[in-house]
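Asker: In case it helps, TrEMBL gives these features for our protein:
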type    : residues   : note
DOMAIN  : 63-184     : domain 'Cyclic nucleotide-binding'
BINDING : E134, R143 : 3',5'-cyclic AMP 1 binding site
DOMAIN  : 187-301    : domain 'Cyclic nucleotide-binding'
BINDING : E251, R260 : 3',5'-cyclic AMP 2 binding site
Amino acid sequence: MSTDDIDAISAEAIRFARARNRVSISAEVFGAYNNPDLFVAPVHEKTPEQATRIKETVLKCFLFSSVDAKDIDTLVKAFESSDVSAGTKVIQQGDPGDKLYLIESGTARFTKTSAATEQVHDLGTAGEGGCFGELALMYNAPRACSVVAETDMKLWSLDRSTFNHIVRNAVIKKREKYDSLLQSVALLSNLDPYDRCRLADALTEKTFVDEDIIVEGDKGTSVFMILEGNAEAYCQGKLVKSYSEGGYFGEIALIAQTPRASTVKAKGKCVVAELERESCVTLLGPMEECFRDNLKEYQKVLAELNMKTRT
């Protein structure tokens with residue numbers, strides 16, 4: 001079971017928490033923990049090899065993408081080791097999230113109990129290098145599934161307080177930077193501030209210099225927003241559109257993974273923010289559900305797709 005699979009499991013619980021816990025999320029991430037001068041992160045002993053493996057795993061999680069290198073190192077030092085015997089329940093579905101976990105060795109099995117039928121569904125397993133529990137911490141959501149040690153395991157855990165203190169400032173800055181940019185994307189303009197904040201968490205910056213950002217005919221999986229510089233769109237070799245700071249392209253990928261209708265090339269240095277469709281689905285659920293309040297715009301984009309006038 002991959003980290004992405006585990007993240008996707010949390011989508012249902014996060015949507016529930018969105019309706020129940022908006023205030024508590026804001027208060028915890030931006031209020032009660034808003035005093036970094038008084039916080040000292042714990043330090044737990046680990047070998048250099050263990051620290052390297054923890055760092056590599058953490059960097060694969062998009063929630064840590066805005067945390068700088070120094071804070072990542074502090075975060076790695078704060079992970080605490082624990083040995084878990086086979087059969088131990090590490091996480092109980094429905095419980096509040098208090099830790100995130102990394103698997104150093106052993107195997108964990110994930111199950112989810114249906115609220116309607118009480119039927120238990122087997123969601124698969126995760127092994128060495130797996131990470132789980134981070135979304136429940138970030139969004140103050142209940143655990144979306146139960147996790148049981150299938151074998152004896154060695155886990156690394158990070159407590160909620162350390163997570164919030166280290167990630168908080170980076171998340172705030174990133175959300176402020178990208179909020180207005182996300183509002184400018186037609187398909188995202190009707191999302192409420194809560195959902196836009198969560199999408200901002202999933203954005204990644206990339207830099208291109210006189211090179212293709214997307215290529216005509218390739219499968220579309222991301223939308224791009226220009227943070228700095230310029231880009232040009234070409235269809236069958238002909239210039240059809242120019243983009244500057246604040247512009248965006250590739251938004252059709254959010255609702256349909258169809259071939260790109262044009263090639264977009266950076267003109268000189270161009271810095272973009274990329275939002276992958278997979279991250280969008282993980283955080284908000286199916287795209288059709290997300291955009292049901294923006295049906296006219298959805299239909300307009302589909303029409304543009306059929307006419308192949310947009311990327």
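Using N, Cα and C of the backbone, Cβ positions are placed for all residues, glycine too.
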Asker: Let me know how many other Cβ atoms fall within 10 Å of the Cβ of R143 (3',5'-cyclic AMP 1 binding site).
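Answerer: 23, counting other Cβ atoms within 10 Å of R143 (3',5'-cyclic AMP 1 binding site).
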Asker: Taking the Cβ of E134 (3',5'-cyclic AMP 1 binding site) as centre, how many other Cβ atoms lie within 10 Å?
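Answerer: For E134 (3',5'-cyclic AMP 1 binding site), the count of other Cβ atoms within 10 Å is 25.
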Asker: At the Cα level, what's the spacing in Å between E134 (3',5'-cyclic AMP 1 binding site) and R260 (3',5'-cyclic AMP 2 binding site), rounded?
Answerer: 33
Asker: Could you measure between R260 (3',5'-cyclic AMP 2 binding site) and R143 (3',5'-cyclic AMP 1 binding site) for me? Cα positions, answer in whole angstrom.
Answerer: 38
Asker: Under a three-state reduction of DSSP output, how is E134 (3',5'-cyclic AMP 1 binding site) classified: helix, strand, or coil?
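Answerer: The residue in question, E134 (3',5'-cyclic AMP 1 binding site), is helix (DSSP, three-state).
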Asker: Rounded to a whole angstrom, what is the C-alpha distance between E251 (3',5'-cyclic AMP 2 binding site) and R143 (3',5'-cyclic AMP 1 binding site)?
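Answerer: Just about 31 Å between their Cα atoms.
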Asker: Could you tell me the mean pLDDT over the domain 'Cyclic nucleotide-binding' (63-184), as a whole number?
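Answerer: Mean model confidence (pLDDT) across the domain 'Cyclic nucleotide-binding' (63-184) is 90.
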